[in-house]
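What Swiss-Prot lists as ATP binding site is D1329, D1330, M1331, G1332, L1333, G1334, K1335, T1336, and the listing cites sequence analysis. The domain 'Helicase C-terminal' annotation in Swiss-Prot covers 1663-1813 and is backed by sequence analysis. Marked as region 'Disordered' by Swiss-Prot: 184-216, 241-283, 295-316, 699-740. Residues annotated as repeat 'HEAT 2' in Swiss-Prot, with sequence analysis given as evidence: 473-511. Annotation comment: Swiss-Prot describes 569-606 as repeat 'HEAT 3'. Annotation comment: Swiss-Prot describes 1181-1216 as repeat 'HEAT 6'. As annotated by Swiss-Prot, repeat 'HEAT 7' applies to 1219-1257. According to Swiss-Prot, the repeat 'HEAT 8' annotation covers 1526-1565. Sequence annotations record features per position, and here Swiss-Prot assigns motif 'DEAH box' to 1440-1443.
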Amino acid sequence: MTSRLLETGSTPFIRNTAAQQLADVQKQHPDELFNLLGRILPYLRSKSWDTRAAAAKAIGLIVANADTFDPNQDDGQEIKKAENDDLDVDIKSEEELLSPMDDSLLQLERLDLPSILKYGKRLLGSAGKEYEYSLAAMDPASRLQHQKKTLTSRLGLAGEYIEEDLINDNDLVSKPVVKEEPSFVASREHSIQGTSQPLASPIEPANGEESGLSKRQLNQLKRKNKQSARMGANKVRVVDLSSRRASENVTTPSVATPYPIKSENGEERNGDSKPDYFSLDRSAGDDESKIVSEFKGASVPENPLLQPESTEEGPNPNWPFELMCDILMVDLFDPNWEIRHGAAMALREVIRIQGAGAGRVQGKSRAENDILNRKWLDDLACRLLCVLMLDRFGDYISDNVVAPIRETVGQTLGALLSQLPSRSVISVYKCLYRIIMQTDLGLERPIWEVCHGGMIGLRYLVAVRKDLLIKDSKLMDGVLEAVMKGLGDYDDDVRAVSAATLVPIAEEFVKTRQSTLGTLMTIVWDCLSNLQDDLSASTGSVMDLLAKLCTFQEVLDAMKANAAVNPESSFGKLVPRLYPFLRHTITSVRSAVLRALMTFLQLEGEGTDEWVDGKTVRLIFQNLLVERNEGVLKQSLQVWSELLNSLETRGSFKSESDLLSHIKPLITLSMGPFGVPRYPVPMDASLFIKPSGLPFPSSAAAPARSSPASNTPEGTKGRRRKSEKKEAPPPSAHNVDGHMLQGDIDLVGADTMLRSKIYAARALGQLLFVWDQNQLPSLWQSILEGLNHSASTSQLASAMIVEEYAKLSGPSGRYASTLCENLRPIIEGERPPWYSDIACYLHVARAQCHSLLNTFRDHAHVPGSRLPVLAVIVQGDPEAGPNAFSLSDAEKVIGPDFERLKKGLTPAQRITALQVLNDTRATAESAVNEARNVREQRDLRVRAAAAGALVALSDIPKKPSHIIKGMMDSIKKEENAELQQRSATAITSLVEYYTTSAKRGPVDKVIGNLVKYCCVDTSETPEFHHNAMLEKSILSLRKEEDRRDHPDAAKFEREAKEARIMRRGAKEALEQLAVKFGSELMAKVPNLASLIERPLKEALAADELPANIRDPENELGQEVVDGLSTLRAILPKFHSGLYPWVVDLLPLVVKALQCKLSVIRYAAAKCFATICSVITVEGMTMLVEKVLPMINDALDVHHRQGAVECIYHLIHVMEDGILPYVIFLVVPVLGRMSDSDNEVRLLATTSFATLVKLVPLEAGIPDPPGLSEELLKGRDRERQFMAQMLDVRKVEEFKIPVAIKAELRPYQQEGVNWLAFLNRYNLHGILCDDMGLGKTLQTICIVASDHHMRAEEFARTQKPEVRKLPSLIVCPPSLSGHWQQELKQYAPFLNCVAYVGPPAERSRLQSALPNADIVVTSYDICRNDNEVLNPINWNYCVLDEGHLIKNPKAKATIAVKRLLSNHRLILSGTPIQNNVLELWSLFDFLMPGFLGTEKVFLDRFAKPIAASRFSKSSSKEQEAGALAIEALHKQVLPFLLRRLKEEVLNDLPPKIIQNYYCDPSELQRKLFEDFTKKEQKALQDKVGSTEKADKEHIFQALQYMRRLCNSPALVVKEGHKQYNEVQQYLAAKHSNIRDVAHAPKLSALRDLLIDCGIGVDSPSEGDLSGASYVSPHRALIFCQMKEMLDIVQSEVFNKLLPSVQFLRLDGSVEATRRQDIVNRFNTDPSYDVLLLTTSVGGLGLNLTGADTVIFVEHDWNPQKDIQAMDRAHRIGQKKVVNVYRLITRGTLEEKILNLQRFKIDVASTVVNQQNAGLGTMDTDQLLDLFNLGETAETAEKPSDAAGNEVDMVDIDGNVKEKGKKGWLDDLGELWDDRQYQEEYNLDSFLATMKG
């Protein structure tokens, strides 16, 4: 299944594809219906809007593929459609025939609206609690029943709703507790998200009487229990909806989980906890539970949760979706808005498709079922109406409030209404009418949210059931009445919905209610007049309604009729009412009024355009000058164009009119200058007019800067307020434009000001083109004067106006010659010395120069007479003359003058003043440079605009260098993208001019420069000679490193910005050329084709690159790179007619991929990726046929690097488009993940991470067109491989070709199949089966088989790559004998050499190593004899207990990783022991680079997981930790195989783990207290220290505490501080330090052994003699320290239990003798006990002769203890294994268990039984497999979620305290306006209803 893709899919396309695939599963497997729905249901509760929407879509598609439920289909009648239902059908008589329906069904006729509003529980965003804690303990079915029962009360239909007290006094009463005996029956636990299993056992008061508690204590207990419930309910649970009823029966589970049975009170563990072997909570008392694990019972058939329960007579007769809809209907009233939203969307989809079957039952007649269906649907309608009334959640994200719940419920109601009979629709309408009117609901005051909800419901009713509106006049009248009431409502959101309600039925209304049109239009126009609040968001909706209505002739006729009666109702009077809203505060309103005006302009008929006059023209043009939103600006220009068309049609430009008086001020405003940051130049506000036509007062133009809050550009809806007055919109409407009018560049931005000038120029160009030519001279005079204006921005605007006019008129215009004469001086002559609008920069430069001179005077004491005098007035000032301060004056001061004055200083003056002089000069130089740059930029802009105008006028001189330079400078340096785009257009026009003329002129040079500029950005086009020496590198990786290391970062960034600007301009010009010339591009501009094609052919024609290509003076290499880069840049704009030309170049690009130079491969890879994205079929065919074979070229690393780099870029360029081809790429890339080249490996790993995400979606994509049959067959083979890799159960059975002397169990055969699969595809993995499942045997099978197959292949082919090679087994010393024995037993035909023992013995064996089949050695020997083992090429390198290489810095780890082998395999039952960083080290051995570098892994996984452990971690840290664990688990999943014993061994008896607590002795307690008092302060000071000595001190203290827990004899020795004191104490007690009385663990050990029958006297009766007596149990006793074993041996066995026969295995036993001791213990039952240290006896040994395991001490590493206990609990064990852990109560040992628990949780989450193959993991989870990061660049960056809080600041800007939670930390993900617009588009909804 792909259900998780609904949540994790990165794009809507992926999520929608996942939804479609789930639907396809339903189509192919109809029996999977309820499983699929159960999987998807939890995603409806997601916090993510996109996830909920995708889940709802998936449900809709699945339900659509399910059979329609019609129990009466055999009757031969179809279910009657609601649309055909007659209003007057009387079905009352039929109803009477039926038995009464369930009382829980609500009826529309009896719905008590006043009670619901009075008593119903309000539905807000969240009730402050995410779960009903009191329901958390119920199973899903019980919870659903309870919620259904209480729903009537929550709706207010049973009086006032009072929340239940979560925990009342009765809950505190002690209940009798039945003591349970240990049992091996455990029920499988399942939960639905938000619920859990029982949380805690009944609370038992200490004194047994609840009456003994005071009221305060009872309240305290309530709070504690409430908190406990909350904690339980909020835990994250694995969602599993696959079973509903199974848990109700006490049966044996199909998969058991570790299950605790309390020995004291039978309390159950939380159902959501991990399989955990340790319990910690000290505050809850001793954990004396028994954990029963690993018992495999018979399977229990499970029914999906959502599947209706079968009855005794057969399948459930009800509608199959009834149970799911019950759950969703309860969720409709959840306190959390996201849950309500998801439920409403899902109900919408189900009802839309399957609503006709709802409520129907098998066995009823058609008539009866029709009634049942109507009643069920009526009930749902009632509930939806209740939500519309009770919901109060609104989102003020946009201009209008969006109520997502009410909107979605409205859509659900719409879907429902399409299924309802007419009678019910009328009932729904009546309820909605009452909700809107609110006249009979008993409300003290109207509630706007209720009215809003009712109006939304009415909107969808109107849209869906137009048929009833047409039939029923009363219904139409009622709707109109409600809408008119809504349009007059005090709340603007209600007005907005009311207007939107009428839009879908506008046509029907106009045709059927012509008599009321006049009234309605009056109301609509009055609604606009009465809008008082400047934030009234409804204005846009009202205008849209108005525009829609005015498209009907009937409405226009009605308006004309109104106008005849009342002149105030004419178009000329009404339309101007819209003008105030042109500059409304809210963007959507400004947009709506423009849409309305556009509609009015397009109307035809007499009198419809009488409102168009000079004032209208002026107001629209003012929009262009002050509008900051680009979308509204474009609309304004469209309205302007339509306005000019209307005026031209009327002939307004032909005669002298009042237009001229309006146009001149507009020209003045258009050419007005604007300033620079900090020095604004305001517009002349007196030239603006108000909507009334009066001039705009300049005093109101600019808002005060001191109160920015009053000038927010977009209004934000805040408190609703009702205005009693009805006046015209206030004159402050222009406040939205205050900053534009003031010219406030700091707030508005220079780009926005420039854009307004550009649009104004376009508008004036259009106006001048249509204006009567005879009236133009006066206008042109004003414009041409602007070309000589003192401000650069005025000159720019004038030139742009001329250009826009010329584009329309061409060179033939009457004024062309005049315009050209005025423009040429700008291009050819000198520019003015300075511009007035940038004079401020010169003032700053002068001030800094003056400061420099003052510094000479004050610090260097230079006489004033020697200092130059600076003019006060600067150039650009209005009164500036020829002697004003200029830029050259400034340059003289900081240059010659500075040097002259410095030379005149005495040595003493230099010493004291030189530093400050240099600093002041640097400041002045910076100011001068800034002034110079600004001046050059303004010159460039004016020249470029003038050049563009001359080109548009076709005034191209014979020597066009000045024109070309003007435009090309803009292409190179213009920072403003729109001005640069204009220059690109002008260049295109110039090239077109020359291509149509006889001479080509400078075209080739222009094209050459554009290509050069396009390739100047080294981040896109690398420098050839700079990278020419790189051969075995992948530049895609190197370039990311280069970007980070630059000595002068500021200079680098400045140069990089300049290069980006130049490339952007050149790329724009080339793209415009491609669009302009289309398929003729290469013919019209042959130089472009030559620049791309020639270098490729010249450099790549031969097999080798030209020998001199690296010569510094040779440009061919750079030309190749530039050609590829240029093709990549402009290819997306190519006409399809040019594609064959590109395809002809593909072989050369492929050849470039094989090039030995990294830089050419890089350029070719990026170019090839772009070609594939544009010309997909031909490109991908070439990829599969030519590029992919290169990736396996073992002889040439350049081929592999080129191919993998190409795939890397292809993935990122094509994104979703690569889906049909993804299967071709996975296997080749996978093979390179273990490449010998590090860079190939890294890039392959990164690419594979992205590719595998898409594999689940690939199957549903249709075959790509154009691929050959051969390729399609190849794709099927690749699919088979992927299926095997992702599901171990699909791996082909591997027949072992050699005679293994063992019968493999089925799971062992599966393991060998998996190992053979890895072998076949040269993959490497970890076999991490549970301890005792035969990893050794499986390994022997695959190694022996591979040796045999290689020998056969070599005999047949004599190929050196399959020659005989030895395999190496590396294991702990204890297991070397074990491996020898296993090999001898199972594969005696293999020649095995044990490379162990002392150096002399190993030296003797060295010559035999290359010829052996198997070499067994240890990790230490690998480290010591590295020079012996390294030179040998091994076939297999197997690391047994591979977790021993967990420390990547250990010498043994480094040595092992240097070994060379064909196949690498790790065996480990516990691959993660302490932290996840260990897993990185393991994979660094298997596939270096697969998990990134150690630092990346640490940041991405290890740190978040570790940070989430701390109790003070924030919820975001905890979430980051959980996500990191899950991501890591998925990433390593395909390369680990793990099976648990309880899964695969039916015959393995259970293992019971129990804690055995001992109270510390008096002596121990005394020593503890003394140590704590004396050492605690010192230890606290040293915690966190990085000093080695401090760390050692802490470690020694911990060791002291651990030893003391065991026996005081281990710590109290001579030299101990309390030695004498202890001796005195012992003397007084007549005891000694080794007495078991002082070490309770020893006496506890004795008691345990005796209880087990070990050490008891032999039976005195019967036929057994003492000599022949054998104990019923045999034990393994584990200690950490050999010293403790000595004490156990001497004090317990020798003194207390002398009859016990025992063996001992610790570090003092030679490695070669250890297996003998194991064999003796297993075969000789007379030995009762085996004493072991955990380090020696805890790994790999088979000790099934014992059935009792006792831990006297515990390891910090929990996996070591688990490993040790599983020495007995493994294959071959016939008895129940009891594990006892001796724990000294209240000591450090309990802390150790706490730490163990966390480590086990992490390990079991990352590596668990899902690693049995991806078949056990939903394919939905595959999306985020291998998520190393999107690119190599992001992979190197540390994750933000790593829990690092250093230097973080909180919301107030203060430095955040570590671990402290901010008040916004838990804020959920924000959703955006786009989601609302997409979801609540009425047209889209209606389309789905039809579909």
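Each residue, glycine too, has its Cβ placed from N, Cα and C.
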Write out, in the order they occur in the sequence, the residues of the chain not among D1329, D1330, M1331, G1332, L1333, G1334, K1335, T1336 that have a C-beta within 8 Å of the mean position of the C-beta atoms of the recorded ATP site.
G1469, R1770, I1771
Looking only at the repeat 'HEAT 3' (569-606), what is the model's average confidence as pLDDT?
84
Hey, what's the Cβ neighbour count for D1330 (ATP binding site) at 10 Å?
23
Using DSSP, tally how many residues of the repeat 'HEAT 8' (1526-1565) sit in helix, strand and coil.
18 helix, 10 strand, 12 coil
Per DSSP, what is the residue tally for the repeat 'HEAT 7' (1219-1257) in helix, strand and coil?
36 helix, 0 strand, 3 coil
Using DSSP, tally how many residues of the repeat 'HEAT 2' (473-511) sit in helix, strand and coil.
35 helix, 0 strand, 4 coil
Counting Cβ atoms within 10 Å of each candidate's own Cβ, which of the binding-site residues D1329, M1331, G1332, G1334 comes out highest?
D1329
Taking the Cβ of L1333 (ATP binding site) as reference, which residues of that chain separated by at least 6 in sequence fall under 8 Å from it?
Y1307, Q1308, R1539, K1541, V1544, L1545, R1770, I1771
For K1335 (ATP binding site), what is the tally of other C-beta atoms lying within 10 angstroms of its C-beta?
25
Please spell out the DSSP helix, strand and coil residue counts for the repeat 'HEAT 3' (569-606).
29 helix, 0 strand, 9 coil
Using DSSP, tally how many residues of the repeat 'HEAT 6' (1181-1216) sit in helix, strand and coil.
32 helix, 0 strand, 4 coil
Around T1336 (ATP binding site), how many other C-beta atoms are within 10 angstroms of its C-beta?
23
Looking only at the motif 'DEAH box' (1440-1443), how are its residues distributed among DSSP helix, strand and coil?
2 helix, 1 strand, 1 coil
